[in-house]
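Undergrad: Take a look at what Swiss-Prot says about it:
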- ASP738: active site, proton acceptor (ACT_SITE)
- 614-886: domain 'Protein kinase' (DOMAIN)
- ASN50: N-linked glycosylation site (CARBOHYD)
- ASN63: N-linked glycosylation site (CARBOHYD)
- ASN90: N-linked glycosylation site (CARBOHYD)
- ASN114: N-linked glycosylation site (CARBOHYD)
- ASN184: N-linked glycosylation site (CARBOHYD)
- ASN210: N-linked glycosylation site (CARBOHYD)
- ASN295: N-linked glycosylation site (CARBOHYD)
- ASN327: N-linked glycosylation site (CARBOHYD)
- ASN357: N-linked glycosylation site (CARBOHYD)
- ASN370: N-linked glycosylation site (CARBOHYD)
- ASN499: N-linked glycosylation site (CARBOHYD)
- ASN516: N-linked glycosylation site (CARBOHYD)
- 127-150: repeat 'LRR 2' (REPEAT)
- 174-198: repeat 'LRR 4' (REPEAT)
- 251-270: repeat 'LRR 7' (REPEAT)
- 1-20: signal peptide (SIGNAL)
Amino acid sequence: MIPPNINVLIRSICINLVTSLPLNFAYIFIHFAVNALREIKRSLIDPMRNLSNWAKGDPCNSNWTGIICFGRSHNDGHFHVRELQLMRLNLSGELAPEVGQLLYLEILDVMWNNLTGRIPLEIGRISSLKLLLLNGNKFTGSLPPELGNLQNLNRLQVDENNITGSVPFSFGNLRSIKHLHLNNNTISGEIPVELSKLPKLVHMILDNNNLTGTLPLELAQLPSLTILQLDNNNFEGSTIPEAYGHFSRLVKLSLRNCGLQGSIPDLSRIENLSYLDLSWNHLTGTIPESKLSDNMTTIELSYNHLTGSIPQSFSDLNSLQLLSLENNSLSGSVPTEIWQDKSFENNKLQVYDLNNNFSDATGNLRTPDNVTLYLRGNPICKSTSIPMVTQFFEYICGEKKQTSTNSNTPCSNVSCPFENVKVSPGICLCTAPLSIDYRLKSPSFFFFTPYIERQFREYITSSLQLETHQLAIDRLVDENRLRPRMYLKLVPKGRITFNKSEVIRIRDRFMSWSFNKTDFFGPYELLDFPLQGPYADLLAQTSGIRTIVWMMIVAGSVVAATVLSVTATLLYVRKRRENSHTLTKKRVFRTISREIKGVKKFSFVELSDATNGFDSSTLIGRGSYGKVYKGILSNKTEVAIKRGEETSLQSEKEFLNEIDLLSRLHHRNLVSLIGYSSDIGEQMLVYEYMPNGNVRDWLSANAADTLSFSMRSHVALGSAKGILYLHTEANPPVIHRDIKTSNILLDCQLHAKVADFGLSRLAPAFGEGDGEPAHVSTVVRGTPGYLDPEYFMTQQLTVRSDVYSFGVVLLELLTGMHPFFEGTHIIREVRTANECGTVLSVADSRMGQCSPDKVKKLAELALWCCEDRPETRPPMSKVVKELEGICQSVREPEMFSETTKLLCSKTSPSSSSVPSPLSLLPGSNLDSGFFHAVKPR
C-alpha cells in the first residue's frame, strides 16, 4: 500500500500537469494574429456559416475551418497560421487588409468564392507567402504593385476575376515565381519587359484580357518557361518575333486570336515544343518547311490567310494528334500520306481539320477508327464519283457535331433521395455521385467521335481505378473555341454512396494532377470538385491542427503524468526491495535444455572477451532492448551484441521462444541472428555486424558522405523486401511495429537490412479476404513521427501500420528530412509540394543527378503508404512492385564492386570504423536525367 504522503504527492503532480494544459495553450498563439482572423471573418459574408467556429478558442487548437498551423518552437515557442484555406465556401464580401498581419502565412487560398473589392495591398507584407490563390472571384481594381515584394511566392493565381489596370513592373522581382496565372480578367496595357527576368517562371498565362502593344521579344530569354499562353488579347498589328524560335524549354505556345500579322517564324529549334496554336489571326505567307519538334502533338493554324501547301515535313511528325488548317487559302491536293504513313501508331488518336482549302484530293480517303478527317468546303465534297466519301460523309464532309451526352436524354423522374444518374443508354441509377467540372487540353476535342469518347472513358476510369460504367459524361461545353469544359459524374460501384477514403482518393487524384500520363487529353484544369450531400462534411474534418496531433499532445501529457506517478511509487518501494533485489539480475537461469537449430549459444565470457569486457569504446548504439556493442569473436568475425537491460529481461520460456522465432527468419534484407547468451542472468542476442551503420546517419546533414538517388532507391527496395518477408513468408507472420531509418542498417556493400524485429510483434492469423494478417489489439509502441495514426487511436495493429511507417522512411530517403521538421511533419511538407507540382523542391539536393519522373513516382508511392486510413494504403507486395519499377532503369551503383570487396574483407580488430565507400569513389554519373538541386526544406 502506498503511504498517504506519497499519494498526495502523486495527486498534486497530476492535477498541476492537467490544469496547466489550457493555460499553456492559451498563450502559445500570438494575439494579433487571432484579431486579424476575426477581422477577416467580420468582412466576409458567410451564408452557409462555414466559419461559425471562428468565434471562440484560438485558431490552432480549436479546429477553425480552413486554418492550418505549425509550431515555431525552435524560434519563439508559438504556433502560427501557416495556411488559410477557404476554397469554395460560398463566401462573399471583401478580403480584409488585416490578412497582411498573418506574417507566417505560406498559403492563402480563397479560390472560387464571390469575393469583391480590391486585392489587399497588405498581402505584399507576407514575406513567407508561397501560394496566393485568388482565382474564381469578383475582385476589382488593379493588381497591387506591393505583390512584387513576395520573394518566396511560387504561384500567383488571379484568373477569373474583374481585374483592370496593367501588370505591375514590380512583378519582375518575383524571383521564385513559377506559375503566373492572370487570365480571364480585363487587364490592359503592355506586357512588362521586366517579366523576362523571372528565372524560375514555368507558366505565363495571360489569355483573355485586353493586353495591347507588341509581343516582347525578351520573353524568349526566360530559361524555364514551358507554357506561354496569350490567347484573346489585342496585339493588333504586332508580329511574332523571330526570337520566339529560340525558347529553350517551351512546350506550349498559344497565341490564338491576338490580331497578329506577318509570317510564321521558324520554330524548328524549340526542341520540346508539342503544342502550337496561332489560329484566328491575320498571318500570311506559307507554312515553314523546316521540321518541327518530334514531340509535336497539336498544330492549330486555322482561320488565317496562309497560302501554299502543307509542308512535307508534317508527314514525319509521328506524335501528331491534331492538324487544323481550316479556313486558309492552301492549294494543291489533300496530302493523304499524312495519315496513311506507316510510321503512325495504329492506336494514336488523330484529327485533321482541312475544311475550306484544297482543290483536289488524291489517294484513298478511307481512314481507320483512330483518325477523324474534315474536308467540308473543299471541292472533293461536291464530287459524287469518289467512293468512300459517301460512306464517311458525316465525318468528312458534314458539319462537325458534338457527341451526345447523358444530359440530352435525362433519366425519368423516379423518387430518389439523391440523384438519378444515367450511366449508359437505358440505365439510370439512384446514387450520390461525385461531380467534377474541369477543362480539357485546348482546343481539339470538343467534337468527340465515338472512338475518342471510348478512349476518354478508359483514360479517366483507369486513372481513378474505377470501372468504365462508373463514369457519366454529363455535359460538354464549348467556351468560344477555347478549352472544352467537361462536366463529369462518378458513381459508386454496388452502393449508393462512396466511402470517405474513396472520396478523398478520387479528389486528391484530380487536385494533384496525378492521372495517367497522356498528351492527348491532358493537361487539364480543375474548376470545381464540390462535396455536397453526404460528402459535405468530409473536408471540415481536416481543418486546424490535425486531430491526431492534438491527441498525441494530450496522450503525451497523460503518459507523462503516468510516468511521474509510477516514478513516485517506485521511489517508495525501492528502499524496501533494495536488499532483496541485489541478486535478481545475477541469478542463474537454469540451463536451457533444448537446442535451437541454426544459432549458436555463447557463454557470457565469450561475449565479454569479444567486447573487452563490454568496454564503452565498443558501444555502438542503444535501443529499447538495451545497449548494442561491437564485438570481435575469436575467429575474427565482427558481430553486434544486444545486451538486454534489466527492464527488458524475459522469462526463460519467452526468451527461448524469441530465439526460436528469430532463428527461422532468413532473408537477405533482414539482419541475421548468429547466436545468443543466457548465462548468469544475462540475456544477449548476437547479430551480424553492419559496418555502414544505419540509414538515418547517412541522411544526416552532418554526414561526410551521402547516398545518391540510385542508392536510396535500392535501399528502399531492399528494406521493403525484408518487410514483405516478415508480413507474408515468416511463420508466424511478424509485424515490425517500429520501422524507421535508424532500424534499417547497411552492410559493407550498402545493401539494406531491416533490424529490431522480434516475438513481441507477432501478427495474428491471416484474414479471410485479402491474404494479409488481421489486426491485433496491443499497447501502442513505436516511434513518434513514424506511428500509424489509426494504430495510435484504436490500438489495433495491422501490417498496414508497417506500411505507414515505411512510407515515412521513403519520404526521409527522398528529402533527407527528419519526420518532424521545423514544427511540421514530413508528410505534410511533401504532400503540399506534390499537390502544387513542386515536389522536386523538397528533394534532397545531395542525391546528385536523377530523373525527375523517378523522384515524383517515389514521392507519390510514399504518400500512398502514408494515407490516413489503413485500407487505402498499398500492401507491401504492391510497394515492392512499385519500387522495382523505379529501380528498373536506375542501375545499382557500380561502387558495389571493387571498393566494397575491400571493405567487406576488412577484419582488423583494431579498426573501430570503416571508411565510407562514397569517400573513395565519385558518384556523379549513377543515374540518367537530372533535376535542379534544391536544398531540403
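Here the Cβ of each residue, glycine as well, is placed from N, Cα and C on the backbone.
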Undergrad: By CA-CA distance, flag whichever of ASN63, ASN184, ASN210, ASN327, ASN499 among the glycosylation sites is nearest to ASN50 (N-linked glycosylation site).
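TA: For ASN50 (N-linked glycosylation site), the spatially nearest of the glycosylation sites is ASN63.
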Undergrad: On a C-alpha basis, identify the one among ASN90, ASN184, ASN210, ASN295, ASN499 that is nearest to ASN63 (N-linked glycosylation site); the candidates are the glycosylation sites.
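TA: Nearest in space to ASN63 (N-linked glycosylation site), counting only the glycosylation sites, is ASN90.
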Undergrad: Round to the nearest Å and give the CA-to-CA distance linking ASN210 (N-linked glycosylation site) with ASN184 (N-linked glycosylation site).
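TA: So the Cα of ASN184 (N-linked glycosylation site) lies 10 Å away from that of ASN210 (N-linked glycosylation site).
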Undergrad: Under a three-state reading of DSSP, tell me whether ASN63 (N-linked glycosylation site) is helix, strand or coil.
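TA: Once the DSSP labels are grouped into three classes, ASN63 (N-linked glycosylation site) ends up as coil.
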Undergrad: Between ASN295 (N-linked glycosylation site) and ASN499 (N-linked glycosylation site), how many Å separate their Cα atoms?
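TA: With distance taken Cα to Cα, ASN499 (N-linked glycosylation site) is 41 Å from ASN295 (N-linked glycosylation site).
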Undergrad: What counts of helix, strand and coil residues does DSSP assign across the repeat 'LRR 4' (174-198)?
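TA: Per-class counts: 5 helix, 5 strand, 15 coil.
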Undergrad: According to DSSP, does ASN210 (N-linked glycosylation site) sit in a helix, a strand, or coil?
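TA: Its secondary structure by DSSP: strand.
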Undergrad: Would you list the DSSP helix, strand and coil counts for the residues of the repeat 'LRR 7' (251-270)?
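TA: Residue counts for the repeat 'LRR 7' (251-270) by secondary structure: 0 helix, 5 strand, 15 coil.
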Undergrad: Would you please pick out, from the recorded positions ASN210, ASN327, ASP738, the one with the fewest other Cβ atoms within 10 Å of its Cβ?
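TA: Selected from the recorded positions ASN210, ASN327, ASP738 on minimum Cβ neighbours within 10 Å: ASN210.
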Undergrad: Show which residues of the chain containing ASN184 (N-linked glycosylation site), separated from it by at least 6 in sequence, have their CB under 8 Å from its CB.
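TA: Looking at Cβ-Cβ distances below 8 Å from ASN184 (N-linked glycosylation site), excluding near sequence neighbours, one finds ASP159, GLU160, ASN161, ASP207, ASN208, ASN209.
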Undergrad: Between ASN499 (N-linked glycosylation site) and ASN327 (N-linked glycosylation site), what C-alpha distance do you get in Å?
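TA: Pair distance, Cα basis, whole Å: 51 Å.
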Undergrad: Do any of ASN90, ASN327, ASP738 (recorded positions) have a CA within 10 A of ASN114 (N-linked glycosylation site), and if so which?
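TA: So the list reads ASN90.
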Undergrad: Which value does the mean pLDDT take for the repeat 'LRR 2' (127-150) in this predicted structure?
TA: 95
Undergrad: Let me know how many other Cβ atoms fall within 10 Å of the Cβ of ASN90 (N-linked glycosylation site).
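TA: So the number of other Cβ atoms within 10 Å of ASN90 (N-linked glycosylation site) is 12.
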Undergrad: Three states by DSSP: which one describes ASN114 (N-linked glycosylation site)?
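TA: Its secondary structure by DSSP: strand.
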Undergrad: Could you check what DSSP calls ASN90 (N-linked glycosylation site) once collapsed to helix, strand or coil?
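TA: Its secondary structure by DSSP: coil.
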